[in-house]
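Inspection log for the structure reproduced underneath, given as structure tokens.
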């Protein structure tokens, strides 16, 4: 359905077109008319489905720009999601001159107070910082028309339920309430009953919780094996942009440092980093100055970054819902993605729980060998050389090249170049990753699947467009492709219609 059929004004339709939206997504198509009518809505939708515009467009449409009071409040679980939401609403509401502000922890509260004096009509914030401003009387919610709880299940997981309830109680009883959540645990349903008035429900069917656009695999490995296997997979699959999920802050720090030590263009984010440092890392990742982002679940919540082709779950999540959130980082906007989950032998029951929720059976992958990883690096170097020759003018270097050829064998020269462009063998750069406490064993309700292991799997590797940080362009792959697979299903991105 086109946005022009949803009852939005011309100024908003222009903003929508400028933002690159073409047709409304299912969540937008169903939600926007309901919100415009003033109904309460519960939307079960994961990040990447367009839910920010689903609630943002009708909120902007309904804002009275002559009224200086806060008329809509959006509560987000993380700083990153709050910032992204504010930026998107600002872009969409710019033509209408709607003022949108964001408040979050880790930033100078005095600057936020100064910004709040500019009388925003839409306020986005994290629960703790919103509660702080309410206590300081720098935020007043008595004129709120619409309240949005975004990523409600994640706010619940982070322990924000009490803050959320106290914030809701500061708003008028006759407000409109919109609740969005990828999953619907009992506590979220209770919020709907307690604080919403005859809400309409927009629900994604369980089979759609993980999109068909994401090819889902697992590798069975012991904890001490995972890092070497992951780097080999990166060498062979050669992703464009990758997010690696670690269970703890220490894990994220060690993984990012280990990847950097092995020559990968990587950085890690978690809650202990300053907001300024997190913002700089995220800017680099969004602008293709980083190839690999390592993150905890909390730090990565709500990230809306286009072009992520691979998600590596270095640690399997203890909660199946977190898996849904993680792989929602890829397979967006009609593009295919790949998720790969590392599973230790005693974690197979967690894998079965994920499959039960998503109704998708993950395919096993056989870890690549060191030789296959080396061939992957060489193939990537071939691509880099092809691209350099095609794009750069080399005339000024021809004389120097001829002199080198007079004193050196051509094969030796090319071999030296390839040696410089590829990474050292893993054995030459040992990386120690501290073992994490293993997840407790679950009751073996899914024992019928307990014998799954990599002996049934094949090599599902993909060669595609790995951006070295010296230059971020795409290229076609014509060298060194590895296809050994016992499955007819291939990890390559399938042809898009």
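Using N, Cα and C of the backbone, Cβ positions are placed for all residues, glycine too.
For residue 50 (ATP binding site), the same-chain residues that are 6 or more apart in sequence and have a Cβ closer than 8 Å to its Cβ are 21, 24, 25, 27, 28. According to Swiss-Prot, the ATP binding site annotation covers 45, 46, 47, 48, 49, 50, 51, 52, on the basis of sequence analysis.
Look at Swiss-Prot and you will find 448-458 tagged as compositional bias 'Low complexity'.
Annotation comment: Swiss-Prot describes 459-473 (among others) as compositional bias 'Basic residues'.
Under the heading compositional bias 'Basic residues', Swiss-Prot lists 481-497 (among others).
The domain 'Helicase ATP-binding' annotation in Swiss-Prot covers 32-202.
Among the features that Swiss-Prot reports, domain 'Helicase C-terminal' is placed at 228-373, with the record citing sequence analysis. When pLDDT values are averaged over the domain 'Helicase C-terminal' (228-373), the model yields 89.
Annotation source Swiss-Prot lists motif 'Q motif' at 1-29.
Residues 47, 51-52, 55, 74-77, 81, 85, 164, 179-185, 188, 191, 301-302, 321 of the same chain lie 6+ residues outside the motif 'DEAD box' (150-153) yet bring a C-beta within less than 8 angstroms of a C-beta in it. What Swiss-Prot records for 150-153 is motif 'DEAD box'.
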>> At a C-beta cut-off of under 8 Å, are there same-chain residues at least 6 beyond the motif 'Q motif' (1-29) that contact it? List them, or none.
In response: 36, 43, 45, 49-51, 53-54, 57-58, 60-61, 88, 91-96, 202, 204
>> DSSP-wise, what's the residue breakdown of the domain 'Helicase C-terminal' (228-373) into helix, strand and coil?
In response: 65 helix, 29 strand, 52 coil
> What are the DSSP helix/strand/coil residue counts across the motif 'DEAD box' (150-153)?
Replying inline: 2 helix, 0 strand, 2 coil
> Near residue 51 (ATP binding site), which residues of its chain come within a Cβ-Cβ distance under 8 Å, counting only those 6 or more away in sequence?
Replying inline: 27, 28, 31, 43, 45, 150, 180
>> Give me the DSSP three-state residue breakdown of the motif 'Q motif' (1-29), ordered helix, strand, coil.
In response: 16 helix, 2 strand, 11 coil
> Of all the binding-site residues here, 49, 52, which one's CB has the most other CB atoms within 10 A?
Replying inline: 52
